[in-house]
Amino acid sequence: MQGERGTLWSLWAVAATWGINVVMVKYLTGMFSPVALVALRITMAAVLLLVLWRWRWSGGAGWPKDRKAWIGIFAAGFLSIYLHQLCLATGVRWASAGVASIILAMNPLITSVSAHWLFGESFGWRQAMGVLLGFGGVSLAVLRGGETWIAGPEALRGEALVFVAMLVYVAGGLVIRWIGPRAGAMEITTFSHLFASALLLGTATGTGVWGEDAGWPLDVWPWIVMILSGWGATALGTMFWNVGIQRIGATRTSIFLNTTPAAGVIFGGIFLHEHIGIPEVAGLLLVVAGVYLGSRKSAVRPPKGAAPSTGAISR
């Protein structure tokens, strides 16, 4: 019981950290280009994950089992890390961290619908109501009660990119679902980050963001935030989340995602002085209710050959 209580507290902390991470990323986009920011963050996370995989998890003995597993890991790294992080970092330059967190919170609901269509997983009235509540909440937060002119077209463009970031993240998760038991959660997380890191470093080099005109911040604080985001939220957060899934199951773990949009909205208001109005609060409550309702799945037998979700790939 004591061990489970510790797991539950760690999941609360991870989910809240992911909400704060959106705020940190938005803060860092004011000092780094999106490509440079993502390349640095994911490379830092990949290095730490590689060390953890090598020394903490079976001495590095765990490897993906076959070519299908490697293909899936590369595809997940491309979708859920490379594209996801680029769209997110670019989107939050214009979108508020609070609204971005609310949009990203739709992840488990979209995953439920997609897994039902593609893999025949259970999808009942709770999941349907959860999806409707979630979309209603996101629409309310994005449209701001019909006053979209307050945010302007740039904010809407940023929110659209965040929505794309959420969709490609879901797509990567479905690829992991397709892999099945051919690779463990730690192997998937580590090698997908390494692959995405190589892609991002190549993209950053090709676009010239490392040049003399890059304008790197001289203050130490942005680099501290970068470390907290890359090592804390992305690397350690993902690892502890996957540990939680292994200990208490994917369904119970997903409920803790309710904390993420709340943390994003609250800390966006505190640290970035973002406006938090009635539409944002109402949208947040609807999304949280939708995720909670959609996560209340009855126990069903998975289809033959199915593997449990491996959870988060990157945040």
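Placed from the backbone N, Cα and C atoms, the Cβ positions cover glycine too.
Any TrEMBL annotation is an automated prediction that lacks curation.
Not measured: the values here are computed from a predicted model.
Copied over from TrEMBL, here are the features:
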DOMAIN    12-142  domain 'EamA'
DOMAIN    157-293  domain 'EamA'
TRANSMEM  7-29  transmembrane segment
TRANSMEM  35-57  transmembrane segment
TRANSMEM  69-92  transmembrane segment
TRANSMEM  98-119  transmembrane segment
TRANSMEM  131-152  transmembrane segment
TRANSMEM  158-179  transmembrane segment
TRANSMEM  191-211  transmembrane segment
TRANSMEM  223-243  transmembrane segment
TRANSMEM  255-272  transmembrane segment
TRANSMEM  278-295  transmembrane segment
For the domain 'EamA' (157-293), what does DSSP give as the number of helix, strand and coil residues?
117 helix, 0 strand, 20 coil
Give the nonlocal contacts of the transmembrane segment (98-119) in its own chain as ranges (CB under 8 Å, at least six residues past its ends).
19, 22, 26, 88, 91-92, 127, 130-131, 134-135, 137-138, 141-142, 155, 158-159, 162-163, 165-167, 169-170, 173-174, 177, 254, 257-258, 260-261, 263-265, 268-269, 274, 276, 280, 283-284, 287-288, 290-291, 294-295, 303, 306
When secondary structure is assigned with DSSP, how many helix, strand and coil residues does the domain 'EamA' (12-142) contain?
106 helix, 0 strand, 25 coil
For the domain 'EamA' (157-293), mean pLDDT (0 to 100):
87
